[in-house]
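Notes follow the structure.
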Amino acid sequence: MTHPVKAAVFGTGSWGTAFAVILADAGCEVTLWGRRAEVAEAINTTHTNPDYLPGIALPDSVRATTDAAEALRGADFAFLVVPSQTLRANLADWAPHLEPDTVLVSLMKGVELGTAELMSEVIADVAKVPADRIAVVSGPNLAKEIAERRPAAAVVACADESVAQRLQAACHTSYFRPYTNTDVVGCELGGAVKNVIGLAVGIADGMGLGDNTKGSLITRGLAETTRLGLAMGADPLTFSGLAGLGDLVATCSSPLSRNHTFGTNLGRGMTLQETIAVTKQTAEGVKSCESVLDLARRHGVDMPITETVVSIVHEGKSPVVAVKELMSRSAKPERR
């Protein structure tokens, strides 16, 4: 008789907690790691996470700890769900406790500042594990809806198809349907760049520019993502799937999206600092827009929407001026 899959989830924010619900419902033994003792205590005693998923009852089988070694003991999978810019430092602390066969799974959607590395590359750098022990999960997965067990689908990607299939089985439930893929780069890029496009659409919504603008930004944003993906060796079909178009549509259309909400506040006239002050959780696109643009320039890829977001968020350009400049670029064929 095989033992239940053991899963460690590193991060007690809304997405980490929601994914712990999926894993528990799929029959895994789940340990949530969190830095704050009071959050771990609340999860263990009240089976809720009042800070990040208030009102959601967690399965009794989900337990929490602040001890990384305890969380990783016997783990088949370690799911990493921290802000992407903190992964390197956090993983350096956790890596000494990894067991030889534990598969590291990124649930993060970002590109590291300075190095322009994808999260899978940061994992490989820090944990010194081969590609068949690194996987990613990506797709249209807004945490609150997942925690409420509303139907959703996602992509689980690993260079080793058999590992992707094991991961698929570990998180397949009646409401969460994962599909396998071996295009790790494509799945990660889809998730990282959609945060930037989500900011752009949010800014446009905050300015009251309308649905034509939104549709144009989503479509041309997907074109930017695909161009970068092709330059990095990704499969272009990945971007028409759940990790590309699916995630992009959810982020650009939902009030639950942190990046869309952040952009909306900027478009309404808030300053960057004012918007940060009213945002409770990390909007990955705020920092990743710079690293995505860095990555694009390293590969010689033109990403004008991303450039526009960077100019508004980090260079103080007026959204009105930025939109005018974006629309005034020289005309060109669509497929470029």
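The backbone N, Cα and C atoms fix where each Cβ goes, glycine too.
What Swiss-Prot says about this protein:
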BINDING   SER14, TRP15, ARG35, ARG36, LYS109, ALA143, ARG258, GLU284  NADPH binding site
BINDING   LYS109, GLY139, LYS194, ASP247, SER257, ARG258, ASN259  sn-glycerol 3-phosphate binding site
ACT_SITE  LYS194  active site, proton acceptor
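Mapped onto this structure are the features recorded in Swiss-Prot.
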| residue | record | Cβ within 10 Å |
| --- | --- | --- |
| SER14 | NADPH binding site | 24 |
| ARG35 | NADPH binding site | 13 |
| ARG36 | NADPH binding site | 12 |
| LYS109 | NADPH binding site | 29 |
| GLY139 | sn-glycerol 3-phosphate binding site | 23 |
| LYS194 | sn-glycerol 3-phosphate binding site | 33 |
| ASP247 | sn-glycerol 3-phosphate binding site | 28 |
| SER257 | sn-glycerol 3-phosphate binding site | 23 |
| ARG258 | NADPH binding site | 24 |
| GLU284 | NADPH binding site | 25 |
Distance [Cα-Cα, Å, rounded] between ARG35 (NADPH binding site) and ASN259 (sn-glycerol 3-phosphate binding site): 24
Binding-site residues near LYS194 (sn-glycerol 3-phosphate binding site) (Cα-Cα within 10 Å), from SER14, TRP15, ARG36, ALA143, ARG258: none
Spatial neighbour of SER14 (NADPH binding site) that is closest, considering only the binding-site residues GLY139, ASP247, SER257, ASN259 and their CA atoms: SER257
Number of other Cβ atoms within 10 Å of the Cβ of ASN259 (sn-glycerol 3-phosphate binding site) across all protein chains: 28
Position of peak Cβ density within 10 Å, selected from the binding-site residues TRP15, ALA143: TRP15
Shortest C-alpha distance to ALA143 (NADPH binding site) - which of the binding-site residues ASP247, SER257, ASN259: SER257
Cα-nearest neighbour of GLY139 (sn-glycerol 3-phosphate binding site) within the listed binding-site residues, TRP15, ARG36, LYS109, ARG258, GLU284: LYS109
